[in-house]
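First, the structure itself, so that you have it in front of you.
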Amino acid sequence: MKALAKLERGPGLTLTRVKKPEVGHNDVLIKIRRTAICGTDIHIWKWDDWAQKTIPVPMHVGHEYVGEIVEMGQEVRGFSIGDRVSGEGHITCGFCRNCRAGRRHLCRNTVGVGVNREGAFAEYLAIPAFNAFKIPPEISDDLAAIFDPFGNATHTALSFNLVGEDVLITGAGPIGVMAVAIAKHVGARNVVITDINDYRLDLARRMGATRAVNVSRESLRDVMADLHMTEGFDVGLEMSGVPSAFTSLLESMNHGGKVALLGIPPAQTAIDWNQVIFKGLEIKGIYGREMFETWYKMVAMLQSGLDLSPIITHRFAVDDYEKGFAAMLSGESGKVILDWAAA
């Protein structure tokens, strides 16, 4: 089958042919329709330090997808041939304390599709049936293909009650921009997002941001004053991994505020702990998606009017994958879709 793989220890990916995956007793085989390019895939493309330490070579990658079940293992129940599915990209052990307690997103033995094992940038993907998630017919293939990052945004944004709250989001990548739409959808009052990328800040405005602030030109304090915010933000969502953005977020929080961290800052990042301690801030780390509560909430929000369509800005046939990666690398894109229909 055709697949997009890391064949050598260096930058780039190669469209090549690999063996079709075998289907285990508890697996489903998915014929891929659409995939989306993730920030993780950009790390793999660049072959940065993280990728060099993490990605086995050779291996085909990718973990954002939608497709159709074409084969099932003999032990699979609850699915049928022809079901349209996306899937949870974190494969968990099922036996550790967190898995057995229903907290699979905290499994210490997690294996990542397209990171630690063969991925979805291929004509076919085999995964445990447990990880597959049926997509309702009213949700498009394009939106279903981005359920993985949509889930990151949902898990982060819904970590705290947002109804009537003032929310600060630092980092206007696709996940941060989707978090804007989620926060507004569930009832936040002011949703302010910061970045230095005008293209993505404009996307955030289209997704409903109260203010989208280019911090290289505009003061967050001035924006807060314009919005008549006298006490600070109630909830902060850190999506950038940029130390200066995290510092600004902490300084802008109200006393008793709540902070969710999805962005990954450098390991030795220093912060002003006075901001945390004397303000009584609650800080929560976010990894992946809650299985499968996050997935059900994603569907419910889309079915109740959440519009994420502006976040999908580019579409390419898989044979033009280099154009797709170029769009992502340019910084002037939202989500980029690769179409496998003609593969």
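Cβ atoms here come from the backbone N, Cα and C positions, even for glycine.
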In Swiss-Prot, the NAD(+) site includes D195, R200, L262, G263, I264, I286, Y287. Which of I175, I311, I312 does it also list there?
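Swiss-Prot names I175 for this NAD(+) site.
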To see if you understand the setup: which same-chain residues, six or more apart in sequence, place their Cβ under 8 Å from that of L262 (NAD(+) binding site)?
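Listed in sequence order, they are N152, H155, T156, I175, L237, E238, M239, I286.
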If I restrict to non-local contacts, at least six residues apart, and a C-beta distance under 8 angstroms, what lies near C96 (Zn(2+) 2 binding site) in its own chain?
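In sequence order, C107, R108, N109 meet the Cβ cut-off.
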Given H43 (active site, charge relay system) and E64 (Zn(2+) 1 binding site), what distance in Å do their CA atoms have, once rounded to a whole number?
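Just about 15 Å between their Cα atoms.
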Using only the residues recorded as binding NAD(+) (I175, D195, R200, L262, G263, I264, I286, Y287), report the maximum Cα-Cα distance in Å, whole number please.
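Looking at I175, D195, R200, L262, G263, I264, I286, Y287 as a set, their Cα atoms extend up to 23 Å apart.
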Which Cβ among the recorded positions (H43, H63, R200) has the fewest C-beta neighbours inside 10 Å?
H43
